[in-house]
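Q: Starting off with a structure, shown below.
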């Protein structure tokens with residue numbers, strides 16, 4: 001799930017932190033990809049008539065189709081991926097996982113009902129909500145990656161946290177995930193939409209954490225506190241606290257401790273903190289997650305030549321893929337993994353740090369930009385209100 005409304009908050013308050021571009025812009029870079037999030041998106045997106053793609057024996061193959069062709073696209077654009085798989089979830093996440101399971105069970109019932117009496121759109125909607133990544137999906141994807149010559153790592157717990165470790169250590173350029181909480185784990189750069197299909201024509205979003213903090217005028221602790229307040233996988237959000245309120249509370253009080261204190265001492269009792277709300281434990285999971293250090297042997301990875309006959313045996317003989325397509329894909333993979341050995345020039349240069357004066361100027365310009373945006377929104381809201389209040393037919 002990640003952090004609710006975080007991307008919206010960044011867009012509105014730190015727009016310079018986000019850079020949209022084409023996949024080819026990342027040629028020559030190594031990227032750590034959140035495998036479980038990618039597999040989930042493959043299961044949801046790679047479908048036929050609202051159903052999972054399946055082999056002749058009734059086995060789901062959407063995850064393998066997605067992993068094979070999306071990885072091929074990434075490699076053909078000169079990127080060297082390393083996939084990171086989730087381990088056991090932290091205990092604090094068990095509540096959120098239980099809720100997700102309940103939602104999927106309810107969706108499964110609604111899906112069956114929709115098949116009986118609903119529209120095609122209803123069937124598709126509820127079918128998507130029942131999607132769950134299983135251990136078997138993960139193991140089959142690991143087998144496929146090994147045959148493709150693409151490395152993978154098993155994280156002790158959260159894949160995003162392990163991706164962030166690799167990015168901070170410079171082993172990869174960025175962490176790639178749709179989960180915004182990757183930034184809470186201190187990944188310097190987050191890439192979104194990297195494993196999306198080409199048909200979706202979504203730009204790759206590159207989010208820089210240092211620019212996020214600069215735009216929000218927060219340190220990392222305040223940023224993590226904001227994310228917890230927005231709503232994360234570890235805790236229920238505080239009822240009635242939306243993104244604008246969460247941002248204001250952190251800016252006014254500076255920390256979650258002081259926010260909680262202010263809410264509890266408010267005589268009007270405007271907000272109610274959930275009874276079991278261990279925000280300090282959640283913060284600790286972001287600051288000290290269970291991860292392997294970048295120099296751990298399990299974090300040493302390399303790209304190999306694909307095992308073409310192994311791919312044919314697995315995908316064609318066992319999963320009924322087209323042999324011509326698999327062999328063609330393997331040949332393209334072999335060719336492009338060699339090409340991706342090239343380095344980017346940026347690896348030889350260090351960015352020049354901004355002076356205090358430059359930082360102050362940028363901050364002032366950013367604040368002026370925000371004020372203009374707020375003014376424009378107010379004017380639009382006012383015009384909308386006036387238009388509604390006019391009698392029908394009035395000019």
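Note that Cβ sites are derived from N, Cα and C of the backbone, with glycine treated the same way.
Feature list, courtesy of Swiss-Prot:
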type	residues	note
BINDING	34, 86, 158, 160	Mg(2+) 1 binding site
BINDING	47, 70, 158, 231, 233	DNA binding site
BINDING	179, 181, 233	Mg(2+) 2 binding site
COMPBIAS	357-389	compositional bias 'Basic and acidic residues'
REGION	1-104	region 'N-domain'
REGION	122-253	region 'I-domain'
REGION	341-349	region 'Interaction with PCNA'
REGION	357-395	region 'Disordered'
Q: My understanding is the cutoff is Cβ-Cβ under 8 Å with a sequence separation of 6 or more in the same chain; which residues meet that for residue 34 (Mg(2+) 1 binding site)?
A: 84, 159, 160, 163, 175, 176, 177, 178, 179, 182
Q: Would you find the one among the binding-site residues 86, 158, 181, 233 whose Cβ has the most company, meaning other Cβ atoms within 10 Å?
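A: The residue with the densest Cβ neighbourhood is 158.
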Q: For residue 70 (DNA binding site), which residues of its chain lie six or more apart in sequence with Cβ-Cβ distance below 8 Å?
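A: Listed in sequence order: 38, 42, 195, 196, 197.
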Q: Please work out the helix, strand and coil residue numbers for the region 'I-domain' (122-253) from the DSSP assignment.
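A: Helix/strand/coil tally for the region 'I-domain' (122-253): 68 helix, 17 strand, 47 coil.
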Q: Tell me, by DSSP, whether residue 70 (DNA binding site) is helix, strand or coil?
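A: Once the DSSP labels are grouped into three classes, residue 70 (DNA binding site) ends up as helix.
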Q: Considering the binding-site residues 160, 179, which residue's Cβ sits among the greatest number of other Cβ atoms within 10 Å?
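A: Of the binding-site residues 160, 179, the highest Cβ count within 10 Å belongs to 160.
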Q: Find the one among the binding-site residues 86, 158, 181 whose C-alpha lies closest to that of residue 233 (DNA binding site).
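A: Sorting the binding-site residues by distance from residue 233 (DNA binding site), the top entry is 181.
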Q: Which residues, same chain and not among 34, 86, 158, 160, have a CB within 8 angstroms of the centroid of the CB atoms at the recorded Mg(2+) 1 site?
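A: These residues sit around the Mg(2+) 1 site: 36, 37, 84, 155, 157, 159, 161, 162, 163, 177, 179, 182.
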Q: Which one is it, among the binding-site residues 86, 158, 181, that lies nearest to residue 231 (DNA binding site) by Cα separation?
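A: Nearest candidate: 181.
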Q: Could you say whether, by DSSP, residue 34 (Mg(2+) 1 binding site) belongs to a helix, a strand or a coil region?
A: strand
Q: May I ask for the distance between residue 181 (Mg(2+) 2 binding site) and residue 86 (Mg(2+) 1 binding site), taken between their Cα atoms and rounded to an integer number of Å?
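A: Between the alpha carbons of residue 181 (Mg(2+) 2 binding site) and residue 86 (Mg(2+) 1 binding site) there are 14 Å.
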